[in-house]
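According to Swiss-Prot, the features are:
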type	residues	note
DISULFID	CYS55-CYS469	disulfide bond
DISULFID	CYS266-CYS307	disulfide bond
DISULFID	CYS439-CYS467	disulfide bond
DISULFID	CYS471-CYS491	disulfide bond
DISULFID	CYS471-CYS494	disulfide bond
DISULFID	CYS499-CYS528	disulfide bond
DISULFID	CYS511-CYS526	disulfide bond
DISULFID	CYS553-CYS567	disulfide bond
DISULFID	CYS561-CYS572	disulfide bond
DISULFID	CYS574-CYS583	disulfide bond
DISULFID	CYS593-CYS607	disulfide bond
DISULFID	CYS601-CYS612	disulfide bond
DOMAIN	46-95	domain 'PSI'
DOMAIN	146-384	domain 'VWFA'
DOMAIN	471-495	domain 'I-EGF 1'
DOMAIN	499-547	domain 'I-EGF 2'
DOMAIN	548-584	domain 'I-EGF 3'
DOMAIN	585-625	domain 'I-EGF 4'
CARBOHYD	ASN233	N-linked glycosylation site
CARBOHYD	ASN402	N-linked glycosylation site
CARBOHYD	ASN421	N-linked glycosylation site
CARBOHYD	ASN431	N-linked glycosylation site
CARBOHYD	ASN456	N-linked glycosylation site
CARBOHYD	ASN466	N-linked glycosylation site
CARBOHYD	ASN648	N-linked glycosylation site
TOPO_DOM	705-769	topological domain 'Cytoplasmic'
TRANSMEM	685-704	transmembrane segment
Amino acid sequence: MCGSALAFFTAAFVCLQNDRRGPASFLWAAWVFSLVLGLGQGEDNRCASSNAASCARCLALGPECGWCVQEDFISGGSRSERCDIVSNLISKGCSVDSIEYPSVHVIIPTENEINTQVTPGEVSIQLRPGAEANFMLKVHPLKKYPVDLYYLVDVSASMHNNIEKLNSVGNDLSRKMAFFSRDFRLGFGSYVDKTVSPYISIHPERIHNQCSDYNLDCMPPHGYIHVLSLTENITEFEKAVHRQKISGNIDTPEGGFDAMLQAAVCESHIGWRKEAKRLLLVMTDQTSHLALDSKLAGIVVPNDGNCHLKNNVYVKSTTMEHPSLGQLSEKLIDNNINVIFAVQGKQFHWYKDLLPLLPGTIAGEIESKAANLNNLVVEAYQKLISEVKVQVENQVQGIYFNITAICPDGSRKPGMEGCRNVTSNDEVLFNVTVTMKKCDVTGGKNYAIIKPIGFNETAKIHIHRNCSCQCEDNRGPKGKCVDETFLDSKCFQCDENKCHFDEDQFSSESCKSHKDQPVCSGRGVCVCGKCSCHKIKLGKVYGKYCEKDDFSCPYHHGNLCAGHGECEAGRCQCFSGWEGDRCQCPSAAAQHCVNSKGQVCSGRGTCVCGRCECTDPRSIGRFCEHCPTCYTACKENWNCMQCLHPHNLSQAILDQCKTSCALMEQQHYVDQTSECFSSPSYLRIFFIIFIVTFLIGLLKVLIIRQVILQWNSNKIKSSSDYRVSASKKDKLILQSVCTRAVTYRREKPEEIKMDISKLNAHETFRCNF
């Protein structure tokens, strides 16, 4: 609600100011608007709460703030409060004519307009901190542009069939492009890769002919060669293409981006015309090297983005890196060049993924032997001229642009996305919002450029910052532009006509508690080298650096200082009978932390609400009394222990006792309790562990033996079922089976008496083992 109200409030000011009705009617209208919107009653009135001591500092707080320059303006009978929103200043008795409130102006000169595609060509904007300005930018595409089309072809061996197709594209393409342009020109250039290892073979037999292994006559590899400047002579173009030979390299990626940058920036060599639509057609079937790839060849010098053609050959190919995508995009946009990637094979998607990073580019897939090349160029051109996008160049520090495109079909899109399907009869509008957040920006440029991508016209936006007041310039006698309650005579200087601050004499560093800390702890403003702290509804902010307050103390159960104390400088000052960092503990609770020696937590902790919290992590116990590894007082003063029994001591030792050990004579006491837990006999512990281990082992052996005996007993019982007994008279007939004898032992084998008559077995029953 507050944001929309403020926007409406500011917009009304701008409109009224542009009507030039004078300051009185303007500020009276501002007062009415602020009363209606209730801004004067808002909880977050940063104007009044800031304690701004000058008009400039007041206006820098936000677009709703005004400054009263009236000399006798007094609020509350104590001191001047000149910074507030307009409605409050008027209600406090400040006359309308005495209120400083610079408005936002957008000035569009109508005379001397030379642009035909982008209007207005120039805009002048006056801004104040926190305010924003709006204007409309119109872009109207022309019907028949002059067109410059430059073919940049990958002439590696795999592109042989596509290069042959170029011999016949000239006339056919000229006829098709005549529908879109009355003035069409063609140019040609070739590229391969950097002529160093590992990109090409440097073998003596292959250095000049990379195709020698295939019995082909190839031209030497090269980074980029400009073959033919842009010309209307189609026959000359076809002859240049016909003379072109293929070349070769080793690795798969090519040096396309290197060649593209040179073709873009070498304007005079290529013959780019300022008034023409510039198209760069890149034909390839492989990816391109990116920045840093050339480090593999020991090339570490970054690409400088300049033209380096000598005799139409790129001479820095082996000494400078490939350009980055960002650098390439910048050079293409700066030179108004649209790129068409004509890619054959599976690498088409690689280039398609790059389109969002290269504004004004299109990718198309060419068929075998480039049969669809002309149609691809025509379709790409139609798409390019039907898209209208803008971007901001030459950004001004501290100034922010928000651009929305209003397309012919009524849809709204972000400026970088732009509009599509725009015809030569359409007009695209761009709603431009310019915002300045603060005034503490010095130096730099004071204008920005809004550039439609691919167009040769731009809009220049001049920015003027309203960061000072008229009273500080020439109107104000003493007291109008400043609040003297914050200042001293060394900083605040006035003459008969005006007052000003000698801010160079007082550095803001004096308002910092430390060089890494914000000015006035971020809770005040630095005026004449002193902090003026903000007024906050939560409480009082004070201190030399506004570092103290009476509201940021810790809470306990929802109450500041548990309700048992007051907050001073961020620390709780407890009432009588209470203690603790939050005043949450009764003072009597401290008695529960005193040990038998009268020490609080044995000197190794702090008492928190009747319980010891050991500060030494080695201490344990209710009173932190146990600390096996602590360095005890006896150890620290062991050399002085003999002073407690001075008999038979030498004079030197007695002198030492009187000096370094004198304090101990007054404070010593005998501690009869052990610092450590009582330690049992190690030998006894050893024998106990040994006996227990032995008994456990013996028990395991007995259990295992019993299990084995039980298992054997069960097996003997089961074998008794197979006893065989026979009388001497009986005859046992053996079956024709083969058996093996198995011998095993047991503790008490049971005898088995068997009487088996012998039989003569037939040979067929004999067993062979």
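Every residue gets a Cβ built from N, Cα and C, even glycine.
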Q) If you run through the domain 'I-EGF 4' (585-625) with DSSP, how many residues end up as helix, strand and coil? A) 10 helix, 13 strand, 18 coil
Q) Which disulfide-bonded residues from the set CYS511, CYS526, CYS553, CYS583, CYS607 come within 10 angstroms of CYS572 (disulfide bond), judged by C-alpha positions? A) CYS553, CYS583
Q. So what's the average pLDDT for the domain 'PSI' (46-95)?
A. 75
Q: Sort ASN431 (N-linked glycosylation site) into helix, strand or coil using the DSSP assignment.
A: strand
Q) Of the recorded positions ASN233, CYS307, ASN402, which one sits closest to CYS567 (disulfide bond) when you measure Cα to Cα? A) ASN402
Q) Of the recorded positions ASN402, CYS439, CYS511, CYS593, CYS607, which sits closest to CYS583 (disulfide bond) by Cα distance? A) CYS607
Q.
A 10 Å Cβ contact count, applied to the glycosylation sites ASN431, ASN456, ASN648: which residue has the minimum?
A. ASN648
Q | Long-range Cβ environment of CYS553 (disulfide bond), under 8 Å and at least 6 residues apart | A | LEU560, CYS561, CYS567, GLY570, ARG571, CYS572, ARG582
(Q) Could you check which of the recorded positions ASN402, CYS467, CYS574 is the closest Cα neighbour of CYS526 (disulfide bond)? (A) CYS467
(Q) Considering Cα atoms only, can you say which of ASN233, CYS511, CYS528 is the nearest neighbour of CYS601 (disulfide bond) among these recorded positions? (A) CYS511
Q. Can you tell me how the residues of the domain 'I-EGF 3' (548-584) break down into helix, strand and coil by DSSP?
A. 3 helix, 16 strand, 18 coil
Q) If you measure from the C-alpha of ASN466 (N-linked glycosylation site), which of the recorded positions ASN233, CYS266, CYS307, ASN421, ASN431, CYS439 fall inside 10 Å? A) CYS439
Q. Just checking, which of CYS467, CYS601 (disulfide-bonded residues) has the fewest C-beta atoms within 10 Å of its C-beta?
A. CYS467
Q. Going by C-alpha positions, which of the disulfide-bonded residues (CYS266, CYS307, CYS439) is nearest ASN648 (N-linked glycosylation site)?
A. CYS439
Q.
For the C-alpha pair, I'd like the distance in angstrom between ASN402 (N-linked glycosylation site) and ASN233 (N-linked glycosylation site), rounded off.
A. 45
Q) Using DSSP, how many residues in the domain 'PSI' (46-95) fall into helix, strand and coil? A) 15 helix, 10 strand, 25 coil
Q: Can you figure out which of CYS55, ASN233, ASN456, CYS574 (the recorded positions) comes closest in space to CYS467 (disulfide bond), comparing Cα atoms?
A: CYS55
Q) DSSP on ASN402 (N-linked glycosylation site), three-state: which is it? A) strand
